[in-house]
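What follows is one structure encoded as structure tokens, with my remarks underneath.
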Ligand SMILES: [Cu+2]
């Protein structure tokens, strides 16, 4: 009786060791959509750069109202479903494929409201660097591109 309990216990531990890490590795990352960040910049995603792994999710949260998060189509990797969140709504990006992803807040893109998500390796870095965002969006995007991890 005692032995079978020990075996059962040992089996449970072994199964947990095999099964749990597969779920534990998928992380949820939060990006806030804000009127002002801690540094005093206006109309921002915070953070403006997020590094995640394939299988993770990135949740965009409307900490302040009247923002949204959606794909910048010009540089969105082919074969990946675009993201288009409603105004003042949460939206989740399922990071499944490696690469760099640029999202914007539609009404504030001209004010530089842009965010860069790196999933695994930056396989499309050249395309992202070639993309000509305008005005403050370009300045902010260049700043985020400088944070990309090779
Ligand atoms: Cu906005």
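The backbone N, Cα and C atoms fix where each Cβ goes, and this holds for glycine too.
Curation plays no part in TrEMBL annotations; they are all automatic predictions.
Feature list (source: TrEMBL):
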type    : residues          : note
SIGNAL  : 1-26              : signal peptide
DOMAIN  : 32-119            : domain 'Blue (type 1) copper'
BINDING : 67, 105, 108, 113 : Cu cation binding site
BINDING : 67, 105, 108, 113 : Cu(2+) binding site
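In sequence order, 33, 43, 44, 45, 68, 104, 106, 107, 109, 111 are the same-chain residues whose CB sits within 8 A of the CB centroid of 67, 105, 108, 113, the residues recorded for Cu cation being left out. The average pLDDT computed for the domain 'Blue (type 1) copper' (32-119) is 97. Under 8 Å, Cβ to Cβ, and six or more positions away along its own chain, residue 108 (Cu cation binding site) finds 43, 67. Non-local neighbourhood of residue 113 (Cu cation binding site): 33, 43, 44, 45, 67, 104, 105, 137, each in the same chain, at least six residues away, with C-beta under 8 Å from its C-beta.
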